[in-house]
Every structure is written in structure tokens, then in C-alpha cells.
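Colleague: One structure, pasted below without further comment.
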Amino acid sequence: MGSVSQAYLESEPVKEARSLISELCRQFYSLGWVSGTGGSITMKVHDSSIPKPQQLILMSPSGVQKERMEPEDMYVLSGDGAIISSPSPKPYPHKPPKCSDCAPLFMKAYHMRDAGAVIHSHGMESCLATMINPHLKEFRITHMEMIKGIQGHGYYDELVIPIIENTAYESELTDSLAKAIEAYPKTTAVLVRNHGIYVWGDSWISAKTQSECYHYLFDAAIKLHQLGLDWSTPDHGPIQVVKGVPSVDCRMNVSKKARIADSNCNGKPFPRCIVLDIEGTTTPISFVTDILFPYAQNNVGRHLSATYASAETQDDIKLLRSQVEDDLKQGVIGAVPIPSEDAEKEEVIAALVANVEAMIKADRKITALKQLQGHIWRTGFENNELKGIVFDDVPEALEKWHASGVKVYIYSSGSRLAQRLLFGNTKFGDLRKYLSGFFDTAVGNKREKRSYVEITDTLGVDKPSEILFLTDIYQEAIAAKAAGMEAIISVRPGNSPLPDNHGFKTINSFLEV
């Protein structure tokens, strides 16, 4: 928008955005987010005829009673942050109008995350959550229902929010906020210690919803801490002091150094996070090749027939169609055309079964196959036709790591659903309480360095070396090491032999870690 006419400034989209900000500020005041003139909100004027980066931006003014603001009190800015329209001064005792002190920080969220709205809250929960331990550089929480309200997260995921240090003036936070946004590519919020939180979303609804979820989670963490419970672990059990490992509080107090030393282990560094492969590492290869794969292959047709009309299966079919189209173009052996959507159901299913069987036979690590397999296996676990198998040392090791405060994650070519099913249905019970999150090939191929870089970015550690990756595959260990992680190779019965002079430490049991 090279120039903005007065007519457009008085248009319905701008008026609606002005009114919405004043309405939201009254609501946020009642929640304690913008009391004492603190806090602020900004949003873009939604207009589908204008590219989002060029849409007008509305901001609340600084130093005013947020609950008493009127629509005409808002500032209007261009997409690059230049003030286009300012509110008129009001008589004493009102102060002269001034655009929000948060403006430079808001613009970082707009430019770096293509946000549609940003909320800055001074809610007490967001402040106290950063003060429980002054050394923490992140707020982490998992296994809470309200995590599902945060973009890109599910119940089993670990939510990680960076914490930056407060300054005397709001604008001085700009650089540290930008660095946090860059360092945590999946975050939609940044906490400011002893101060509050910045939350953004692609629309005002997204920003508001996430803000409510964040404040709920902070409040839950504070109350769990008051009860002596650890909010950051899957089972939210008591903050434990275990013989041979440091307590949670001890770990938190040195978390800015990221790596901790077990006083009973001669100062040997303890990993902050452990990422586990499944096949040949936590679980015998034979369970996957002799039980899971055959079950999926034998039940493809039955599953597709029974669930064909469901949205989930239609999404599976859409993914398979796309994959098969690429396979046909590249001449992949076993790929056969899938009839169009208006073809008979039986014809479509027959073609899908043929392609899936060929994919399974070739042991392809592709999302389209793994997603469908996960849905088929879910039925098997629900019907008690399948039971997850892990090596006997795995539960004890998971419990030990969990008690020490180490976060444990799974990274497998199987879908995240399949991973949760396996660990949630073992003869040892539900082991998911010891796991903080799951990664699958959506983050990338397991033999590529960039996949482990993506995992490192997601976990938000200071250094990749704070993560230990356990796998049975030499090439995966190479990729993880190239990304800066520590890597150990698991030697289990039935695993393929390793090359001579591979250079990696090996273990036969997790209890050796």
C-alpha cells in the first residue's frame, strides 16, 4: 500500500479491528493481563485483497488504562511499522498519546513469523513461571491437555518456551526477543523474566486462544510446584531425589550450563536429553519385521474397506495417491496407478493394497505408508491383537532417566501414533509416562544431518552435544554426530553387524548409559 486514503482508514475492516482491540483489552484487563496500564495488543487489519505483509497494523497506545480505551484511541501503522494515523490528544488528566512501547517487539513477530496478531500480557502466572527458578532459560511442560491449544503441539509433546531477561525499558528487549524467535523456530511465545509474555498467532483468534492456554499452563505449573510436583515430567510426580542422580531442583539450578554432572559418577557429564530409536534399539527387529509389518500388510484391505468414508482414511488415501504419483514418475518398482476418486470403492482399494504391499516389501520409510500403518496398528492394539515389545532393560532405564530429570524422546521411521501405541501397550504397562515427545520422518530422513538439526532446534538446547542419540544403525549415528549430537550404537540380538573401526561407543543394555 504505497499510500493509504482517508476513506480506507475509515473503512469497515479498520473500524472492526479498532473495536475488537478495545473489546479484547477490556477482557484481558478482567483476566489481570493488562492492569496498571501494562501489557498491550496489536493486530493486522484483515483484508483479503491486500497481501498480508502489506496489511495495516493497529496497536494500542502506551501508558493508558487499557480497560477504558475506545476504538479511536488506536494507532494505525503500515506493514513496515511506520505510523500512518495517531489518536487525538485527550484533556487532563490523560497523558499525550504515545504508540505502544512494545511496537519494536511486535514488529519482530510480524516480520519474522508472519503473525496476524500479537498479545503482550503482564499476567501474574506468566511472571511467576519465570521466577520459580531464576537460572532456567526455558519453560518446559508436557502431558497437559491444554498443550493441544498451542500451534503445532499435541498432548504428548513437550512444550518449550524460551525465557529472556528483563530490561529497564521495553524497547531494549527487541534484540533478545528476535534471537529467541530465531533460536526456537516452533515457538509462538517468548517469556520475559519477572515481566510477562509475548504471544503471536496467524490471527487474533489464534493469538488469543494460545494466550489463554499458555496462562492456564503457567498457573498449573505454579500450583504443581507448590504441591511439590514436577510439572515438566510426563507423570507430574513428586520432585524426586534419587540416589546416584541429582534431584530435579539440582538440575534446574545448573540448567543454564545445560549439562549436569552426577556426583557419584566421577563428574561424568549426564545428557540433558536422550533420543531413542525403536527398531533394534528399544525393541527387537523381529517384532517389527515378523509381527507389525505382516499385521499391517494382512489387514490393509480390511481396514480400508471398514473405514473408507472416514476423514482420517481419506487423508491416508490422499497421501498415498500423491506418493504413488511420484513413484510412477520415477519408475519405482511395484507402483501401480490408483483410480480416480469417482471410481468404484473396490477398484481404489485394490490398487491401494497393491501399492502398500509393495512399499512394505521394500521397507520404505515414507510418511504415506507409516501413517496408514499406524492407523491399522491402532486397531490391532485396541482389539488386543497386538502387544508392544521392548527389551527388558528399557523400562528400568526409562524410569532411572525420568527420575534424574533427563528428558527422553523417541525418533523412529514409524509414525508418532505407532510409537505411542507401542510404548503405551507393553507387558510392563504404559511407558509413555517416561517419554517427553515423539519424532517421526516428518522431521526428515533418519540418515540425514538436517533431521537431527531440526530435532535439536525443537528441543531448544543450548548445544547439540547436550543430546544423546541411541540407535542400532551406523549411518544414523553418523548423521546425528554430524549435527553435533552425542551418539551411541545399540548392539542387540538380531541387529546387523557394524563396520570395522566404526568409532562409536556401543552398549548391549540401556543400563550401561
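Even glycines carry a Cβ here, placed using N, Cα and C.
Annotations in TrEMBL come from automatic prediction, not curation.
Pulled the feature table from TrEMBL, pasting it below:
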type: ACT_SITE; residues: Glu145; note: active site, proton donor/acceptor
type: BINDING; residues: Cys102; note: substrate 1 binding site
type: BINDING; residues: His120, His122, His195; note: Zn(2+) binding site
type: BINDING; residues: Asp277, Glu279, Asp472; note: Mg(2+) binding site
type: BINDING; residues: Ser412, Ser413, Lys446; note: substrate 2 binding site
type: DOMAIN; residues: 19-222; note: domain 'Class II aldolase/adducin N-terminal'
type: REGION; residues: 1-230; note: region 'Methylthioribulose-1-phosphate dehydratase'
type: REGION; residues: 274-513; note: region 'Enolase-phosphatase E1'
Colleague: Between Ser413 (substrate 2 binding site) and Asp277 (Mg(2+) binding site), find the distance joining the two CA atoms and give it rounded to the nearest Å.
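Modeller: Here the two Cα atoms lie 9 Å apart.
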Colleague: Please report the Cα separation of His120 (Zn(2+) binding site) and Ser412 (substrate 2 binding site) in Å, rounded to an integer.
Modeller: 38
Colleague: Quick one: average pLDDT across the region 'Enolase-phosphatase E1' (274-513), no decimals.
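Modeller: Over the region 'Enolase-phosphatase E1' (274-513), the predicted model scores a mean pLDDT of 93.
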Colleague: For substrate 2, what surrounds Ser412, Ser413, Lys446 with a Cβ no more than 8 Å from their Cβ centroid?
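Modeller: Once Ser412, Ser413, Lys446 are set aside, the remaining close residues are Asp277, Ile278, Glu279, Lys365, Tyr411, Gly414, Asp440, Thr441.
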Colleague: Whole-number answer please: how many Å between the C-alpha atoms of His195 (Zn(2+) binding site) and Cys102 (substrate 1 binding site)?
Modeller: 13
Colleague: What recorded positions in the list Cys102, Glu145, Ser412 lie within 10 angstroms of Asp277 (Mg(2+) binding site), counting C-alpha atoms?
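Modeller: Cα filter at 10 Å returns Ser412.
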Colleague: Counting Cβ atoms within 10 Å of each candidate's own Cβ, which of the binding-site residues His120, His122, His195, Lys446 comes out highest?
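Modeller: Result of the Cβ crowding comparison: His120.
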Colleague: Beyond the listed site residues His120, His122, His195, identify every same-chain residue whose Cβ lies within 8 Å of the center of their Cβ atoms for the Zn(2+) site.
Modeller: Gly38, Gly39, Ser121, Gly123, Ser126, Cys127, Val192, Gly196, Ile197, Tyr198
Colleague: So what sits near Glu279 (Mg(2+) binding site) in its own chain, CB-to-CB under 8 Å and at least six residues off in sequence?
Modeller: Ile285, Val288, Ser412, Ser413, Gly414, Asp472
Colleague: With the cut-off set at 10 Å between Cβ atoms, which of these binding-site residues ends up with the most neighbours? Options: Ser412, Ser413.
Modeller: Ser412
Colleague: Using Cα coordinates, what distance in whole Å links Lys446 (substrate 2 binding site) and Glu145 (active site, proton donor/acceptor)?
Modeller: 30
Colleague: Name them in sequence order: residues not among Asp277, Glu279, Asp472 whose Cβ is within 8 Å of the mean position of the Cβ atoms defining the Mg(2+) site.
Modeller: Ile278, Gly280, Thr281, Thr282, Thr283, Ile285, Ser412, Thr471, Ile473, Glu476, Ser490, Asn495
Colleague: Neighbour count, 10 Å Cβ-Cβ cut-off, for Asp277 (Mg(2+) binding site): what number do you get?
Modeller: 23
